[in-house]
């Protein structure tokens, strides 16, 4: 039973031996057991265990430790290592006991410290030259186990062996950037050598990427994610007291190159090609640059186009460019290990960078004499190369061939005195610039000059006077000066001065803007008084001024309006409908009159275009209709008076519809049609009328008269019993007007009249209350068959007749009398 239960559980009934194995117990639980003997008579009393038994695996002392080895021996110490026993006896090892025995002695002596769990121990304090053997035991909770097998006898003395070095790498190692590499090898030596790593004679230190691993027999330098700076000469030194050994390895960490060094230099730029250059990359990636890859791109597009990938020089010609387009160039460097990032140029337009100089501006001619003149010009753009010479040419104005003024170079000055001119001849001059590319275009020719000695200023103009004025302008007139100073009068300068002011103002800025002997000064202020003066100007300069004798007050000169009629207003104006009506007149008057157009004393139609200019007015109506006719008037008015003219306008058009269409005298085969002339004859005599008829059952109108000048017509040849519609239109020389149509159909039948009176009425019998009457048929039936006779009677002396009966025959008996 379990120690905490009271119930017993049978284990077996069939045991004949004096022992039994109890299965199914739970580890860690405590149990009591009892046993009873049984024979044929029955079961005897139980015998019970005196105390509870805890279920657990059995614990023994540990097995012996294994692999006891001597690792190092000096003259006064021995270092040993061992491995744990294969079985710890069911309980954890609590410590190891190391023992030593001096050879020649019987007993082992404990040399370890208390509770030592390390499996390595150095026994110190030994005597040099003595020989020892060692053994080790493991202890657990039960106790100390068997000792290990003894070591071989060890004599305490220093072991000496020179270093040895066996490397796994060669003299040269090439590694790609980002890859890892390691330098490994094995070494030995006694005492244990010191291992040192150097790179380019500098001690290598460990960091995140560089790892150094050294065991008693192996050495390793490892680098992860190598970079270009890891390139160098690596050296490992193994050294102890007896000597040293070294191993070397030249490591090359290689990569694609860095980009070429910019900027990209545009050495030459032309309209269809460029020549560019650059500098090699700062870092060739540890491998020689094999070539450069050059590409171009039109900045308007996104596509890079290859130029070449075969050049090894740091210059390249970029061909096949379109003039005026802007381009970018990009350049890659390439080695055995890849292609660099690109170097991209600035934008550059494809155009000739260096060209001949531009044409100079028009040269100026100074200091003219009868046989020479000085030509002066401004330096033009040099085309990118310095100007080395100017070429001055001359030609007579009427000639076609230009001649060089000198064969000698003209530089750096920008003026030249041209000799050997012919007196009285007229010359033009031009200048070209030259650089190392060539000679540029010539300048525009100079203004023509006559080869003659300088002229003097002219004398003043003669008799200036004010000939007209308005409220803001004054018209001046004068005669030319008596002496022109041997030079052509270029024009005149007009100046004015407000009375009371000291400053004269220029009415025109340049003399050539007033070449005639009159000028209108504008922009003056109404009511003010001004003085005026005039100067004559020739090539030598301005004359003295000539003054208008009296100041002039600025105000309008009053002139009553005047109308000069054009032909279209001189008489009655006839216009065909659809054409354009034009009325116009020339208008005079100071100040210019106000212009008013009217029709029949009302505003003219909005469709009329009215134009007023400084000399007249015009009225225009396009696509005229008959209603545009009438009496048009033009009125002009200013403070000095007014004037009005009128003109009758007739718009000739088709006539209107006839009036009062009437149908009469209808017969079975004819009828009589009448009408009145239209209210509007369209401005032209009506030439004829068109009469048409239509059977109401038909869609087609039929003309029955188209040339009648009368306003009536007999429509013949009608079909009896048929219903007809009739219509009439008027025509003049401009066309046919609209039709007027009958409102109701007309039926072609003869007219009906009442029949005539019956004849020979008399009685044939009389009774006291009845009379028998007979009569004969009337002479006429009125155009229709007689349907009956109405009989009436009247008492003698009475006024009224009494209806008796309508009978169909020629007799009747009147009753009820």
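Keep in mind that glycine also has a Cβ here, set from the backbone N, Cα and C atoms.
Small disclaimer: the values here were computed from a predicted structure and weren't measured.
The feature domain 'Fibronectin type-III' is assigned by TrEMBL to 1-58 (among others).
The domain 'Fibronectin type-III' feature in TrEMBL is assigned to 64-159 (among others). Broken down by DSSP into helix, strand and coil, the domain 'Fibronectin type-III' (64-159) contains 0 helix, 44 strand, 52 coil.
TrEMBL lists 163-252 (among others) with the feature domain 'Ig-like'.
The domain 'Fibronectin type-III' annotation in TrEMBL covers 259-353 (among others).
Annotation comment: TrEMBL describes 359-454 (among others) as domain 'Fibronectin type-III'.
For the domain 'Fibronectin type-III' (460-557), DSSP puts the residue distribution at 3 helix, 46 strand, 49 coil. Under the heading domain 'Fibronectin type-III', TrEMBL lists 460-557 (among others).
Annotated domain 'Ig-like' per TrEMBL: 561-646 (among others), in sequence order. Summarised by DSSP class, the composition of the domain 'Ig-like' (561-646) is 7 helix, 52 strand, 27 coil.
Taken from TrEMBL, the feature domain 'Fibronectin type-III' applies to 657-751 (among others). Helix first, then strand, then coil: DSSP counts for the domain 'Fibronectin type-III' (657-751) stand at 0 helix, 47 strand, 48 coil.
Secondary structure of the domain 'Fibronectin type-III' (757-817) per DSSP (helix as H, G, I; strand as E, B; remaining residues coil): 0 helix, 29 strand, 32 coil. Taken from TrEMBL, the feature domain 'Fibronectin type-III' covers 757-817 (among others).
Break the domain 'Ig-like' (163-252) down by DSSP state and the numbers are 3 helix, 58 strand, 29 coil. Confidence over the domain 'Fibronectin type-III' (1-58), given as mean pLDDT on the 0 to 100 scale, stands at 86.
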